[in-house]
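Data block below; observations after.
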Amino acid sequence: MKVYCGYIGEEHLEKNVILNGWVKKVRKMGNLVFVDLKDRFGIVQIFATKSDGVFNELTQLSREDVINVEGLVLLRKNPNNDLKTGRFEIHVKKILIYSKAKTPPLIIEDETDANEEIRFRYRYLDLRRDVNLKIFELRSKVYQAFRNYLYSQDFIETETPILAKPTPEGARDFYVPTRTRKFYALPQSPQTFKQLLMVAGFQKYFQITKCFRDEDLRSDRQPEFTQVDIELSFADEIEIQTLIENLLKYVFKQTINVDLTTPFMRMSYEQAINDYGSDKPDLRFDLKIKTLNTYFENSKTLFFQKALLNNQSIRAILVPNINLNKKQVQTLEKFAKDKGAKGLSWISIKDEKIIDGSLLSIQEDHIIYKTIFKDFNLSTGSILLVADTFDIASQALGLVRINLASILNLKKPNIFKFVWIIDWPLYEYDNEAQRFVAAHHPFTMPTLETLNTFDVNKKDARGRSYDIVLNGYELGGGSVRIIDQQIQRRMFKSINMSDEEANLKFGFLLTAFEYGVPPHCGIALGLDRLMMILVNSEYIRDVVAFPKNNNGVDMMLDAPSNMNDEDLKELGLKIKND
């Protein structure tokens with residue numbers, strides 16, 4: 001009978017079995033040869049004696065050879081308790097060598113000797129490692145759990161086109177030239193398609209789909225990524241948020257056996273920026289940001305005086321019971337400067353005595369720092385300060401906060417802190433373009449309070465948007481959609497899109513609004529980011545089977561690559577060298 005290597009058990013004793021797998025280790029011991037044979041499901045020991053006809057073939061095997069063997073299952077004289085199959089071994093009678101393997105360029109074990117470039121160039125070998133196989137087994141279970149729950153709630157799974165038109169989603173599009181001298185764009189999201197499915201009467205739609213964004217890459221980004229896309233008719237924010245909470249509760253229970261507590265916390269965008277300096281706060285630890293302007297009204301420190309004179313903010317993180325050192329603060333200061341801060345000031349206190357810091361020289365201000373610590377009930381600890389505009393100080397300390405938590409080991413991997421970020425601005429100001437742009441996308445419905453003035457008073461306009469954040473990562477975002485053609489046209493005009501341009505780009509959607517549109521809302525959940533968190537990885541490429549590196553390059557395929565002149569000519573394209 002054919003059996004997987006990892007499934008050999010008591011029921012197979014004294015029976016002939018057929019196994020297939022990869023050779024992991026060959027050990028010749030006198031008149032015996034032992035081979036560790038592995039498949040996806042586990043590893044088992046096989047052996048032959050010198051008198052067996054297969055002895056020589058087994059001794060000549062190499063690591064990663066792919067073989068088929070037939071033999072008798074026996075109890076091992078010296079069991080290996082570290083293996084699930086460690087009580088058994090197979091006495092081989094027949095062997096078929098499917099394929100011989102060269103010496104691999106990396107050690108195919110959980111702990112490998114290869115750097116990332118080698119691992120990704122030979123990704124098919126890297127994926128043989130158990131640590132990677134387990135990631136993709138879990139990923140498969142996550143897919144199944146999402147589908148099972150949404151099917152149970154009467155959702156229709158529907159594919160939408162990959163070859164589409166450009167959309168104003170905030171990142172650059174990938175374009176696909178055609179032989180007709182026209183271009184498709186790969187979708188940054190199925191946004192307009194899923195809204196049209198609501199017009200079509202689907203009411204409950206989802207798909208697990210690929211999306212594409214030609215943007216700067218980070219550890220949690222890939223140019224192509226997978227999202228669970230959901231849209232729901234005759235529903236509002238509360239209904240879809242409740243749906244997503246129940247969905248994630250089911251997925252976590254089914255995949256990693258974790259019971260999530262619902263409902264999730266809700267926090268306004270303004271509160272997130274005020275307290276955490278980020279619209280995706282990590283709530284596994286405290287370290288809230290405080291505004292301390294009133295403490296420094298009589299400060300003798302020049303840059304504090306200047307900040308208050310210019311109506312700027314003095315913001316701080318208080319670190320209880322920990323005395324940071326100069327090296328740690330210098331590391332954190334680099335992150336503050338990355339967000340535009342001029343520097344990161346600090347003071348450390350122990351048993352109510354100032355012991356270290358960058359602000360020691362001005363003795364008159366020591367009473368200020370002692371008062372701050374006293375008011376926050378701290379006799380020992382550190383304080384990190386940034387004096388700048390409110391936005392710069394908040395963003396700088398937000399990034400400092402995240403990296404401080406890493407230094408202090410506060411990011412516990414098995415704690416899952418969800419939060420809904422709500423009450424979003426409808427627009428954000430693009431300093432480079434010198435104008436307001438849609439904060440999420442231009443299909444978001446303004447709040448009732450700002451509906452009449454959203455396109456005039458853009459700074460105060462609010463949208464019916466919501467992001468779901470998990471452990472400092474934006475897991476997903478969504479909104480209640482505009483369903484009125486006139487409101488949609490106002491929104492387009494407010495982001496400098498003329499009626500002519502709107503008709504050219506979105507005429508199909510505007511026309512659909514003339515034929516009866518149900519109120520609807522939706523969300524897209526980043527499946528890759530969810531997988532990052534589930535397996536406690538810092539890099540999205542660890543949970544993608546064939547990822548791109550930080551430069552957007554597929555090391556295995558050497559893609560993107562140049563096109564030959566003949567193909568360019570057929571498409572009517574010419575590459576212009578800078």
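Cβ coordinates come from backbone N, Cα and C, glycine included.
The annotation L-aspartate binding site is assigned in Swiss-Prot to Glu169, Arg213, His440, Arg481 on the grounds of sequence analysis. Residues or ranges marked as ATP binding site by Swiss-Prot: Arg213, Asp214, Glu215, Gln222, Glu474, Gly526, Leu527, Asp528, Arg529. Residues or ranges marked as region 'Aspartate' by Swiss-Prot: 191-194.
Measuring Cα to Cα from Glu474 (ATP binding site), none of the binding-site residues Arg213, His440, Arg481 fall within 10 Å.
DSSP gives Arg213 (L-aspartate binding site) a coil state; it is part of no helix or strand.
In sequence order, Arg139, Val142, Tyr143, Phe146, Ile208, Phe225, Thr226, Gln227, Val228 constitute the residues six or more apart from Leu527 (ATP binding site) in its chain with CB-CB distances below 8 Å. Mean predicted confidence for the region 'Aspartate' (191-194): the pLDDT average there is 96. Under the DSSP three-state reduction, Leu527 (ATP binding site) is assigned to helix.
Each residue contributes its Cα atom, and for Glu215 (ATP binding site) and His440 (L-aspartate binding site) those atoms are 16 Å apart. Recorded residues Arg529 (ATP binding site) and Arg213 (L-aspartate binding site) have their alpha carbons 15 Å apart, per Cα-Cα distance.
The secondary structure of His440 (L-aspartate binding site), as reduced to three states from DSSP, is coil rather than helix or strand. Sequence-distant contacts (6 or more apart, same chain, Cβ under 8 Å) of His440 (L-aspartate binding site) comprise Trp424, Gly463, Ser465, Gly477, Ser479. Whole-number maximum of the Cα to Cα distances across the ATP-binding residues Arg213, Asp214, Glu215, Gln222, Glu474, Gly526, Leu527, Asp528, Arg529: 19 angstrom. Here the Cβ of Glu474 (ATP binding site) has 16 other Cβ atoms within 10 Å, regardless of which shown protein chain they belong to.
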